[in-house]
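Visitor: Quick one: the structure is below, and I'll ask about it shortly.
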Amino acid sequence: MIYIWICFYLQTTLLPCSLSTRTKFAICHNTSKLHRAAYKTSRWNIPGDVGSTPPPSKLHQALCLNEHSLSCMAELPMDYEGKIKETRHLLHLKGENDPIESLIFVDATLRLGVNHHFQKEIEEILRKSYATMKSPIICEYHTLHEVSLFFRLMRQHGRYVSADVFNNFKGESGRFKEELKRDTRGLVELYEAAQLSFEGERILDEAENFSRQILHGNLAGMEDNLRRSVGNKLRYPFHTSIARFTGRNYDDDLGGMYEWGKTLRELALMDLQVERSVYQEELLQVSKWWNELGLYKKLNLARNRPFEFYTWSMVILADYINLSEQRVELTKSVAFIYLIDDIFDVYGTLDELIIFTEAVNKWDYSATDTLPENMKMCCMTLLDTINGTSQKIYEKHGYNPIDSLKTTWKSLCSAFLVEAKWSASGSLPSANEYLENEKVSSGVYVVLVHLFCLMGLGGTSRGSIELNDTQELMSSIAIIFRLWNDLGSAKNEHQNGKDGSYLNCYKKEHINLTAAQAHEHALELVAIEWKRLNKESFNLNHDSVSSFKQAALNLARMVPLMYSYDHNQRGPVLEEYVKFMLSD
């Protein structure tokens, strides 16, 4: 069964935790070979035994043996369409008769990942609710739970609601009312709503701090089920987490509270069955492409982990099961980020890395002639693959994005080269210099620009959003990723203080700062970038970009899954999620 090799692969191959292995660059003075990999914690992999990947041939055999069983699983669950119709009918009834419960119903579809079936019904419910509740005066007559839920759903769907609606829950002292401390349900939803804040919305900062402190303080006195539910929401707020991951816990929260809960749970399970079969088929396609490419044979030390490459695409596009072609094609770009990262970390001398970068900048096969054969093969195959991706986009969407795609690879290799020069020079850059370069070397721009084009955006069609309109959104995601990468790798006990992470660059500039203070500063920067990301996401309120925006947010949302380390520096939470998405 495919479940067997997935479990084996998860146990022996460490899952990715960033879009670049550069958790840090080691400071060294050896310019003949830049063996930085020996000093660093992999950003793509949660630290552990990097030499334990199963032999490619065995993995490929395991995949091929299951093609027949996978094709059998691809059949739709019994009465799948009937369950969708039943749920749609229930949602319509609630939308007509119970405004508040209809919002709870909508939230449940989002949390369980089945909202894609009911976009029309959800939009109508939100439209009606917004028309009647957007005024702070009207909100005065609703509970904390109701106002918080309304606020969050509206902001998530591009409808502006002023944070002033929460002033109704403050007393004469200007602080949140004491009686709210007993409203656990309301406080949880207030905490969730505060995750949608923009910069400068002080009341939402107060709301987050107030709700978090009270809920944390009350956890010990809660019943087991409630304590587990509240703890999960504090750790993984819905807006900043992957819906399918948090939805597993929400399934328990529904309980028997609503008559539609059972139907919705059943549909979510059917959906998951369909998604698993699709993901497994896609993984076979990725494995076939990877093995036919054969680059891991040329690059003996390159990571032979198609499962990891695919994990990124699967999670980023988890909300859109119909985008199968995009997931497979995006995985190819992820694979080359891995490969080129290994080129810069393990293979090249500084002179060779300069030639490699120039060849990519020229996008010219002949510019690779003086490179070693393995580096030459990697560069030429990159050009072939990205040219092929561009051609597929042209055939499907009618425009050729090759210039945009080439630009991302040029920028990535140039950023990698900057790191190599830093490493060779033996000095750390300033914190700002580091962050500006590292947000590019993260690979986030490569992935998101390729995804943008694969989704048919930025073409010549009237009203299409332009790639430049997404730059601030991409920048915030890249910074969030970079900082979390460095925060996660800072747990590595082998760090010596000379590695190139943001924390060490920042501490170099603030010599009296403790490690804990530097850590807190980085967390504050992450929080600021989430506020900026919220605003940019809200401003990109264009129908054509909604799927891309959700996928981009999912890239940022992967972070809490990646950095839930155990004592072995593994990521059991991410492993658990991937198992859940791919196998029973």
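Cβ coordinates are placed from backbone N, Cα and C, and glycine is handled just like the others.
The Mg(2+) 2 binding site annotation in Swiss-Prot covers Asp341, Asp345. Annotated Mg(2+) 1 binding site per Swiss-Prot: Asp341, Asp345, in sequence order. Positions annotated as Mg(2+) 3 binding site by Swiss-Prot, on the basis of similarity to another entry: Asn485, Ser489, Glu493. The N-linked glycosylation site annotation in Swiss-Prot covers Asn30, Asn209, Asn322, Asn387, Asn468, Asn512 and rests on sequence analysis. Residues annotated as motif 'DDXXD motif' in Swiss-Prot: 341-345. The transit peptide annotation in Swiss-Prot covers 1-45 and is backed by sequence analysis.
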Visitor: Let me check the 10 A CB neighbour count of Asn322 (N-linked glycosylation site). How many other CB atoms are there?
Guide: 10
Visitor: Counting Cβ atoms within 10 Å of each candidate's own Cβ, which of the recorded positions Asn485, Asn512 comes out highest?
Guide: Asn485
Visitor: Enter the number of other CB atoms within 10 angstroms of the CB of Asp341 (Mg(2+) 2 binding site).
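Guide: There are 24 such Cβ atoms around Asp341 (Mg(2+) 2 binding site).
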Visitor: Between Asn468 (N-linked glycosylation site) and Asp345 (Mg(2+) 2 binding site), how many Å separate their Cα atoms?
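Guide: Rounded to a whole number, the Cα-Cα distance is 31 Å.
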Visitor: Test of understanding: give the count of other CB atoms lying within 10 angstroms of the CB of Asp345 (Mg(2+) 2 binding site).
Guide: 26
Visitor: What residue among the glycosylation sites Asn209, Asn468 has the most other CB atoms lying within 10 A of its CB?
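Guide: Selected residue: Asn209.
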Visitor: Just how many other Cβ atoms lie inside 10 Å of the Cβ on Asn387 (N-linked glycosylation site)?
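Guide: Within a 10 Å radius of the Cβ of Asn387 (N-linked glycosylation site) lie 15 other Cβ atoms.
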Visitor: Sort the recorded positions Asn209, Asn322, Asn387, Asn485, Asn512 by C-alpha distance from Asp341 (Mg(2+) 2 binding site) and give me just the closest.
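Guide: Nearest candidate: Asn485.
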Visitor: Which one is it, among the recorded positions Asn322, Asp345, Asn387, Asn485, Asn512, that lies nearest to Asn209 (N-linked glycosylation site) by Cα separation?
Guide: Asn485
Visitor: Check the Cα-Cα distances from Asn322 (N-linked glycosylation site) to the recorded positions Asp345, Asn387, Asn485, Asn512 and tell me which is shortest.
Guide: Asn387
